[in-house]
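Notes follow the structure.
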Amino acid sequence: MKIKELIFKILNGMSLGIVATLIPSAILGEIAKSLNLVSILNLTKISTSLLPFAIGTGVSYQLSFTPLESICVSVATFIGSGVVSFVNGNIVLTGTGDVVNAGVTAFIASLAIYLFRDKVKGLSMVALPILISTAVGWIGLNLLPYVSKVNGAIGLTVEEVVKMQPLLTGGIIAIIFSILIISPFSTVGIALAVNLGGIAAGAANLGVCAAAFGLALAGLKVNPIGITLVPVLGSAKIQMANFVKNPLIIVPIVINAFTLGVLGALFNIKGTAFSAGFGISGLIGPINALNHLSWNLKNILLVVTLFIILPIVFGYICNFIFINKLVLIKEEDYKVTI
């Protein structure tokens, strides 16, 4: 298998793992908080923390690994993500870990499977857990500080952009997050790293909305309804492999995002560092915006317009221009293979 094909399969596997583990939190999280359903909220947190393991499982499925190989890759990815920490001798799960490093670890683990599987045939039950789960997990854990610095550098860039003029800042932040949401980088992690708040967080939310609705509309004719709705209800990262394959699919989304970001800044749409990475998922973005604006009919209509109606309208217009008129991209470019 060529490296390029391997990378595409790994990105597809990452998308699958991310979607499967973040959807419960995105959809049920805010509802559970509002209704004080502590047990449900805790379950969604557990699901979120198992994201690295799910990435390993998704990657293994894409690469048709055996059950033993799949388990070893998943364990290595889980360890390498840094999601596990030790506090007073107790194992503690913290957030999602580093999604980028989880992908890097899964990539190394996959290469190691191809390298060792024929050499340890008779001893695979003993050798693979040691070589893959433990050794590759250790490698991933040692790479974590360096990969985290890349995430941090992106965060610092975002922080500098925030210092610019509000309207332009809103547009630029929205563009950045509309791209990040379909990249391996964690929008939530970056937003939290730089404590992105206020208008910048609101613009980031609208950028995520632009990507969510834009991708859903673009893939409407080539994907089943379930996959079509995933960018809106769950995560736009399901289109990550398509973005790597053809980066031009981001063009309509970027234009949509910039417009929404400027409008968000104009109407003083704000958010928090946590909400900035979710957009419309679980209604986290709109709820946080209303918390800052105050809950009344006028503001509810404003938020619905900015978070739902305009992203759909602008998304449809941008897709029509670039797919139907300019033929810069095709609807097939948005087809998701799982």
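Here the Cβ of each residue, glycine as well, is placed from N, Cα and C on the backbone.
Among the features that TrEMBL reports, domain 'Phosphotransferase system EIIC' is placed at 9-335.
The feature transmembrane segment is assigned by TrEMBL to 7-28 (among others). Distant neighbours of the transmembrane segment (7-28): 40-41, 43-45, 47-48, 50-63, 96, 99, 102-103, 106-107, 110, 184, 230, 233-235, 237-241, 244-245, 278, 281-282, 284, 336-338; these residues of the same chain sit at least 6 beyond its ends, with a Cβ under 8 Å from one of its Cβ atoms.
Residues or ranges marked as transmembrane segment in TrEMBL: 71-93 (among others). Within its own chain, the transmembrane segment (71-93) is flanked in space by residues 46, 49-57, 59-60, 65, 99, 101-102, 104-106, 108-110, 113, 128-129, 132-134, 136-141, 143-144, 148, which lie at least six positions past its ends and keep a Cβ under 8 Å from the stretch.
The transmembrane segment annotation in TrEMBL covers 99-116 (among others).
Residues or ranges marked as transmembrane segment by TrEMBL: 123-147 (among others). Long-range contacts of the transmembrane segment (123-147) within its own chain (CB-CB distance under 8 A, at least 6 residues past either end) are made by residues 68-69, 71-73, 75-82, 98, 100-102, 104-105, 108-109, 112-113, 116-117.
Annotated transmembrane segment per TrEMBL: 167-194 (among others), in sequence order.
If one looks beyond the transmembrane segment (206-227) by at least 6 residues along the same chain, the residues whose Cβ comes under 8 Å of a Cβ in the stretch are 170, 173-179, 181-182, 187, 236, 238-239, 249, 252-253, 256-257, 260-261, 263-264, 269, 276-281, 285, 306-308, 311-312, 314-316, 318-319, 323, 331-332, 334-336, 338. Taken from TrEMBL, the feature transmembrane segment covers 206-227 (among others).
Annotated transmembrane segment per TrEMBL: 247-267 (among others), in sequence order.
Taken from TrEMBL, the feature transmembrane segment covers 300-322 (among others). Same-chain residues lying 6 or more positions outside the transmembrane segment (300-322) and placing a CB less than 8 Å from one of its CB atoms are 205-206, 209-210, 212-214, 216-218, 251-253, 255-256, 259-260, 263-264, 267, 269, 279-280, 285-286, 289-290, 293, 328-329.
Sequence-distant neighbours of the transmembrane segment (167-194) (same chain, 6+ residues past either end, Cβ-Cβ under 8 Å): 11, 14, 95-96, 98-100, 103, 151-152, 154-159, 161, 200-208, 210-212, 214-215, 235-237, 239-240, 243, 250, 253-254, 256-266, 273-274, 276-279.
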